[in-house]
Amino acid sequence: MRIVVTVKYVPDATGDRHFADDLTVDRDDVDGLLSELDEYAVEQALQISENSDDDVEITVLTVGPEDAKDALRKALSMGADKAIHVEDDDLNGTDALGTSLVLAKAVEKAGYDLVISGMASTDGTMGVVPALLAERLGVPQVTLLSEVWVEDGTVTGRRDGDAASEQLEASLPAVMSVTDQSGEARYPSFKGIMAAKKKPVESWDLSDLDIEADQVGLEGAWTKVDSAAERPARTAGTIVKDEGEGGKQLAAFLAERKFV
Amino acid sequence: MAEVLVYVDHVDGAVRKSTLELLTLARRIGEPVAVALGNGAADTAATLAEHGAVKVLTHEAAEYADYLVVPKVDALQAAVEAVSPAAVLVPSSAEGKEVAARLALRIGSGITTDAVDLEVGDEGPVATQSVFAASFTTKSRVSKGTPVITVKPNSAAVEAAPAAGAVEALAVTFSVQATGTKVTARTPRESTGRPELTEAAIVVSGGRGVNGAENFAIIEALADSLGAAVGASRAAVDAGWYPHTSQIGQTGKSVSPQLYIASGISGAIQHRAGMQTSKTIVAINKDAEAPIFDLVDYGVVGDLFDVVPQLTEEIKTRKG
């Protein structure tokens, strides 16, 4: 079975994230890393492999600038077999629809039985790429799973929605996404980190995927960001130390604001 | 006047509040035409008409409940082709975003997700979004096709605006992909009797400081005294003290209530991402240095096991 795990290199959420002059996410001046939510996707791929009687080959795929290789290395050190890096200057500013095009072409070129993604990126947080990828590939989407089983060419899993918890089932090939409830992601071992250095990382550009420059990037995006403003800091509130009346003082504040 | 499609989130005909908020926003752009699918679709019409829907397109079929996402995309696509709307508005639930994204791709249109406000612009609707854990606000618009926009709960007030709400049957042909992912079982969430987290006007949440599942009773008691929903930080959920469906933050729910009360929550970036846009924020925490105090309108530095029960009692006394 061939599993392709899509991963994203994102600005560190605990760092000072901001926008570049063209209103795209600044990916140069901020430290980046493998999106935490994608670690769960890598983990599930590894578990499926470990629980399978067949040979499973796990390829991690990313679309992003040069530094995005760090995200691939992390996934390889966790235990993935090989990596593909789609990198092209024309990709800067690509929106979710364009990203799904690049991923779909790359997944098809790589060959796949199962695509696994995280539930969302930690920068854009749209959470729509897995659904878009399924739409483009014309295969079932089995998304937002918190429990996963793959057996005999069938994917099943549990999806916890707002109103109900659902049990899903689809045949391979399919696109799956997993939540942060699907199982703690493993830390790379020292052996894993050393082995990752020898694992193959292929680099593809847009011409390798038969994608024209105007289909992606800021120009090819179907949405336009007109402005981005830092949210004004909240005005400093009143802070009191509880000397035995803290609850009553807070109630008085809530009453003053008409909540009580 | 241009028509605006509004996708109706309902459970067996009971319309959810987020859909009524969409009708308020849709009326800024044009005439709302609602699309209600599945069991009870026609029962939504009266409520939708009261809040401004000029038309309600309905289609009932077992596929909507038996298969994931794609049947709804097929139906919305049929509605777009029938109406040629100025925009399509969808509630920003996990499923809503997936439906909206696939629809946008099919109709060759751009998509904006998680809008918190919507206004009319020269080149189509302008969506306000709150990004990077709500540290930035962006304004954006769809530049190709029919704008598809998903809107977060609590982004607009529910307003009465009586309209015709004429029910029309929508003709839907399901695609080959529609039956790709089967829903083989469904377990409805047990009702807590409290408001839904993302829709609630007041949210009371507990974190690491609550220190145990059994102690969440005092958080719940405070919530009940205010008619509030109960939330939890990731630390509390990871510790197994409260269910994941109540998690607030980057990997959980994002809430924007009138009042947010954080108890025993330090206020790490992951948590702030899910609550920073709340109108009034108050916090109770032992640690005076906790970052949550940077956000608050009112903060109490103290032991939540003293402060919260006293607060609950005082609220009950004041409410009589």
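From the backbone N, Cα and C atoms, a Cβ is placed for every residue, glycine too.
Keep in mind that TrEMBL annotations are predicted by a computer and have not been checked by a curator.
These come from TrEMBL:
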DOMAIN    B:4-183  domain 'Electron transfer flavoprotein alpha/beta-subunit N-terminal'
BINDING   B:Arg208, B:233-234, B:247-251, B:264-271, B:Asn285  FAD binding site
Restricting to the domain 'Electron transfer flavoprotein alpha/beta-subunit N-terminal' (B:4-183), report the mean pLDDT as a whole number. 96
Chain A neighbours, restricted to the binding-site residues B:Gln247, B:Gln250, B:Ile265, B:His271, by C-beta under 8 angstroms: B:Gln250
For B:Ile265 (FAD binding site), list the number of other Cβ atoms lying within 10 Å of its Cβ atom. 31
What number of additional C-beta atoms lies within 10 angstroms of the C-beta atom of B:Arg208 (FAD binding site)? 18
Please state whether DSSP places B:Arg208 (FAD binding site) in a helix, a strand or coil. helix
What count of other C-beta atoms do you get within 10 angstroms of the C-beta of B:Gln250 (FAD binding site), across all chains shown? 22
To which of the binding-site residues B:Gln247, B:Ala268, B:His271 does the lowest count of other Cβ atoms within 10 Å belong? B:Ala268
